[in-house]
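Per TrEMBL, the features are:
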type	residues	note
COMPBIAS	1-10	compositional bias 'Basic and acidic residues'
REGION	1-148	region 'Disordered'
COMPBIAS	67-76	compositional bias 'Low complexity'
COMPBIAS	77-87	compositional bias 'Acidic residues'
COMPBIAS	89-107	compositional bias 'Polar residues'
DOMAIN	226-499	domain 'Deacetylase sirtuin-type'
ACT_SITE	HIS353	active site, proton acceptor
BINDING	CYS361, CYS364, CYS385, CYS388	Zn(2+) binding site
Amino acid sequence: MGSSHDRDVVLIDSDSDSELQHVSKRHKPDSDAPMAPFRKPFMQDSDSDRQESESGRPLSEPPTLAVEGEVSGFGDSESESESEDEAGNAQSVGDDQSITNGQNHQVSDGHHGLLPLTNSSVDSSDLDEIAGGDIANSANEDDKASSVAMQRTIYETRKYLKTRGIMAFLQEYLPATALSENILELIVKLGFVPRNIPPLAQGENLLQLIKLLHLAMKRVRQLRARLDDFYTVDHVLDKLRSAKKILVITGAGISTSLGIPDFRSSKGFYSRISNLGLSDPQEVFDLDIFHTDPSIFYSIAYLILPPDNVYAPLHKFIKLLQDKGKLLRNYTQNIDNLEANAGIEYTKMIQCHGSFAFATCVTCGYQVKGEEIYPQMRNKEIPYCPKCAAQRKRMMNKDDTYVEESYGVMKPNITFFGEALPSLFHDNINHDLRETDLIISIGTSLKVAPVAEIVDKVPLDVPQVLINKDPIHHCNFDVSLLGYCDDVVSYLCDRLGADWDIDHSDYKKLVGDGSNLELETTKEKGVYNIRNLEREAELASMPPAVLEEPDLIVLEPTLN
């Protein structure tokens, strides 16, 4: 890490670097005075961590950080509401494992009358997860080896923290007199990269790094422990047969088999809107900008319109769970409304980021089916509300009357930056967290709150299954089935028997004679690959081709 004031600590995992935070929150130090190094707390009792773990509640005196003879508590108001189970996993006891809002959680500055941790707040967007998937898929063997070593270091560091507790962890991993570089290095070993800290020069960022280390430790300690009796594909099959209230979380990865790339990986979308004069492409979906000039959104809206009457085998798998009376709810982050195309009932579906299913006038609230404004959107025109048309015309004809550009404009019911999540999410999530008996997360990186928090809020004994092209390292899924989503669910349904056949024209082709989809074990317990042998053979026989830019983008929005 360099010490230049012009250098930022940036995200290693590019999956969410610019999407969780719009405005840079670079910390400006209050003073140019050099900061003394951080000195580790002195452990009065070597058994203190064991006492904390066995008692199930924090010690009465929080761990402290000594700076210039003063102390700053790690035990702020947030951490004091946690307890640890016997495995050392922190669980929230103050909120009944509930999700209360759609905002990123803020780490309190509660310093208990001690030294404040600067004026700069710290929240979950200040720490980005280190994900080894992109590096591990690299053709460079050195990069692969480096990724494996990094993941091993993260695993061992987190394991020590969760099993030994904070005090022993700090004693083991920090020198007696710790500088900013030491704290930053420890944050990285825990699997996170800060991106909103000042340069390392003169130690003016020490307190900010202490707060970030606190947040990193808190997040690690909240990770659930994997179930000891749920780690094989047979366990997944048995649970699918017996489960009655399955909660399914879906993201943009479930639609890629339709030739629709997800928003994050599509360079075509960003390049198409680069001439709009925006500092950040995401400003296209900023509510304030929409009200100022709706033409910006509608100049590119045709690119993100969902296709008509199509759906993937994965969508039909969710419909199959519904038909069997097993689907508690599908929480989808997608806005394409393809779940409805597949026949999933609206009572069984929460569109966390809204959808194109309906459009609403931003002035009077008049609502129409989304397809009614598709013609204008395809023509890059602004659709106007028929109820407000006459009044808008009268106001426009008056020279002394200011008319907001968005007056009487119809807006698709997709959640823009600056908007709250749909009320249906908050109306149902806490009930569903209590009721579910199986979690299946499909085609999403689980990077964005509050949807990403669902897997951390369910009871610890509820099995969790991941179906995704790449592994997710910041969540402890009991079983990870890696591969194309359609391939994975087709493999599972084929194993379950004829009454689990997916009602989709591609299902029989995917399954073949029963030998096309192959299960491959890995070195990691509970992690499996699902291979499509026919697809692999076809790809191997084809010459390398340059992929064309897509003409259609399906957006999986992310929210602050």
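Cβ coordinates come from backbone N, Cα and C, glycine included.
Sequence features, as recorded in TrEMBL, placed on the structure.
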residue : record                       : DSSP class
HIS353  : active site, proton acceptor : coil
CYS361  : Zn(2+) binding site          : strand
CYS385  : Zn(2+) binding site          : coil
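Here the Cα atom of the residue listed as 'active site, proton acceptor' is found 22 Å from that of CYS364 (Zn(2+) binding site). Confidence over the domain 'Deacetylase sirtuin-type' (226-499), given as mean pLDDT on the 0 to 100 scale, stands at 88. Sequence-ordered, the extra residues of this chain that approach the Zn(2+) site, with Cβ no more than 8 Å from the Cβ center of CYS361, CYS364, CYS385, CYS388, are VAL362, THR363, GLY365, TYR366, TYR384, PRO386, LYS387, GLY408, VAL409, MET410. Long-range Cβ contacts of CYS388 (Zn(2+) binding site) within its own chain (separation 6+, distance under 8 Å): CYS361, THR363, CYS364, TYR366, TYR407, GLY408. By a simple count of nearby Cβ atoms, those within 10 Å, the most crowded of the recorded positions HIS353, CYS361, CYS364 is HIS353. Long-range Cβ proximity for CYS385 (Zn(2+) binding site), meaning a same-chain Cβ under 8 A and a gap of 6 or more residues, is found for CYS361, THR363, CYS364, TYR366, GLY408, VAL409, MET410.
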